[in-house]
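S.K.: Can you read through this structure? Questions will come right after.
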Amino acid sequence: MSILTYLEFHLYYTLPVLAALCWLLKPFHSQQDNLKYKFLMLMAASTASIWDNYIVYHRAWWYCPTCVVAVIGYVPLEEYMFFIIMTLMTVAFSNFVMRWHLHTFFIRPNTSWKQTLLVRLVPVSALLAITYHAWHLTLPNKPSFYGSCILWYACPVLAILWLGAGEYILRRPVAVLLSIVIPSVYLCWADIVAISAGTWHISLRTSTGKMVVPDLPVEECLFFTLINTVLVFATCAIDRAQAILHLYKSSVQNQNPKQAISLFQHVKELAWAFCLPDQMLNNELFDDLTISWDILRKASKSFYTASAVFPSYVRQDLGVLYAFCRATDDLCDDESKSVQERRDQLDLTRQFVRDLFSQKTSAPIVIDWELYQNQLPASCISAFRAFTRLRHVLEVDPVEELLDGYKWDLERRPILDEQDLEAYSACVASSVGEMCTRVILAQDQKENDAWIIDRAREMGLVLQYVNIARDIVTDSETLGRCYLPQQWLRKEETEQIQQGNARSLGDQRLLGLSLKLVGKADAIMVRAKKGIDKLPANCQGGVRAACQVYAAIGSVLKQQKTTYPTRAHLKGSERAKIALLSVYNLYQSEDKPVALRQARKIKSFFVD
């Protein structure tokens, strides 16, 4: 094999992988990820530089003098690059593997202190003992030198990280192991290539000479495995600390969620959260969040799955918002209770909303929960308590508007004309679109741009129109409701739908009515979807995917020629395809040439 320069090694084996990971994670990248990358790169570069100069000085490994661009101290410039590239690769891969589940759910305040002390102290004691023995075995020109240097470099850091996040790490075994093993195996393979090509060489005088596989010294395998373990553990520790900070925002942050804080202040807060044991956290808060997500998981598996493409902060708060909307909707739809009882519960919900939003965001929220606990289900109370965390983000008007939509249904108020259709859809859908958008904008410290809010409300109309077009028969048979404007129908058609006999209108008539509504949705969609491009970049993919998948139901209806389906839907594979392409903004609309669209996206990626 010809000699491979160190720079060529990066160009062929590390930078392409890093670039692929960056592209893969681009739709999900958040400010919290920025902090993680910056902090860990700083730690890796500062500590590894000293350590590596020490071992190169003692000839634990050396490099081909003609294979490097420059040398700083005793170490090639490309080696300093390796510190940064390896850190970014492993942390980025860990982010991708771990992002699909909320970090909050791996924090357990009800864990016993005895278990915590056992889980923390035993591994920490073992790691410190290894560090002590490795330090005393670090003798230059001895076979134990290189391996011992690796152990005393990595083990103390592992001990500190385990002390703060050990239990969290144990609760994520599969994700943690994948994040360690896959980058380690790849880097070991790349190391074999470099050693075989003569880019660098491991000294037999300061190593055991044992090989894991040909051209892979056991010390090199140990190095990549331990350093990647440090990076993954550090990622877990930061994820846990950030989850705690998000749950326990100070009143000052709640008063002004867009107020930026310095990197030093953020690191200081993370250190505080890192040191907090789970038992010192409010268990009720975690229970409420868990119950809220159970409501979401049971009520809408598709939304629960789709929410995974949002950043964890946004995903968590959107889940809380959805749980509140679903819990209140269930109160009004509970057929086991009389209409009057449901009206009373709706009035109580409205009182809760007014109590919540009448309070200043700068002061702790005080709610008389006993008043509600005696009259509402326990799961609903948990959703309400979790919802109070969004007080500083939301406005009262869209929440009240949503409750007006429930009242509309409880009173079985008819949709007389297109103005009623728009008003009802605004209550039950535009209001939710506005609230979701406010949550999204708040997490990225952006102003609540009125134009973006207006587009979100329009998108709510689009999705509700498609929903009504899809469910003409379902709403008729299950609810005895007609959400089509009665001005579109003859009197006898309205009566047939309200009596649960929508099918008697015939397939062609049902198709015509549904496509008329889909046409109105398509017309609004042209303007509404422009608002997505103004959202924070890490949320655009999730919003675009959710909207495109749902709006695509209209396309399914358009494809029907003779039969109106009882409940039109996309095939699972088609839904996944649209969602995936939408996340990366590669979904092809029918009115744009494919090549032009792809060229624009490729240009956007490199420019951005």
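Using N, Cα and C of the backbone, Cβ positions are placed for all residues, glycine too.
Below are the features listed in Swiss-Prot for this protein:
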REGION    1-240  region 'Lycopene beta-cyclase'
TRANSMEM  3-23  transmembrane segment
TRANSMEM  37-56  transmembrane segment
TRANSMEM  80-97  transmembrane segment
TRANSMEM  117-137  transmembrane segment
TRANSMEM  150-170  transmembrane segment
TRANSMEM  175-195  transmembrane segment
TRANSMEM  218-238  transmembrane segment
REGION    247-608  region 'Phytoene synthase'
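Buried or exposed, and what's around them? Tell me for each listed feature.
M.R.: Within its own chain, the transmembrane segment (3-23) has Cβ neighbours under 8 Å at 63-64, 66-69, 76, 78-79, 81-82, 85-86, 88-89, 92-93, 96, 186, 190, 193-194, 197-200, 605, counting only residues six or more beyond its boundaries.
Note on the transmembrane segment (150-170): residues 47, 51, 106-108, 111, 116, 119-120, 123-124, 127-128, 130-131, 134-135, 138, 176, 219, 222-223, 226-227, 229-230, 233-234, 236-237, 239-241, 274-275, 278 of its chain, located 6 or more positions outside it, place their CB under 8 angstroms from a CB of the stretch.
Cβ atoms under 8 Å from those of the transmembrane segment (218-238) belong to residues 35-36, 39-40, 43-44, 86-87, 90-91, 94-95, 98, 146-147, 150-151, 154-155, 157-158, 161-162, 164-165, 168-169, 172, 176, 179-180, 183-184, 187-188, 191, 195, 202, 207-208, 210-212, 270, 274 of the same chain, restricted to positions at least 6 beyond its ends.
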S.K.: Short question: which residues 6 or more past the ends of the transmembrane segment (80-97) have a Cβ under 8 Å from it?
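M.R.: Contacts of the transmembrane segment (80-97) (Cβ under 8 Å, skipping residues fewer than 6 from its ends): 10, 14-15, 17-18, 21-22, 24-25, 28, 33, 36-37, 40-41, 44-45, 48-49, 52, 72, 175, 178-179, 182-183, 187, 227-228, 231-232, 234-235.
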S.K.: Cβ under 8 Å, sequence separation of at least 6 from the ends of the transmembrane segment (175-195): give me the contacting residues as numbers and ranges.
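M.R.: Result: 4, 6, 9, 13-14, 17, 86, 89-90, 93-94, 97-98, 101, 169, 201-202, 212-216, 220-221, 224-225, 228-229, 232-233, 235-236.
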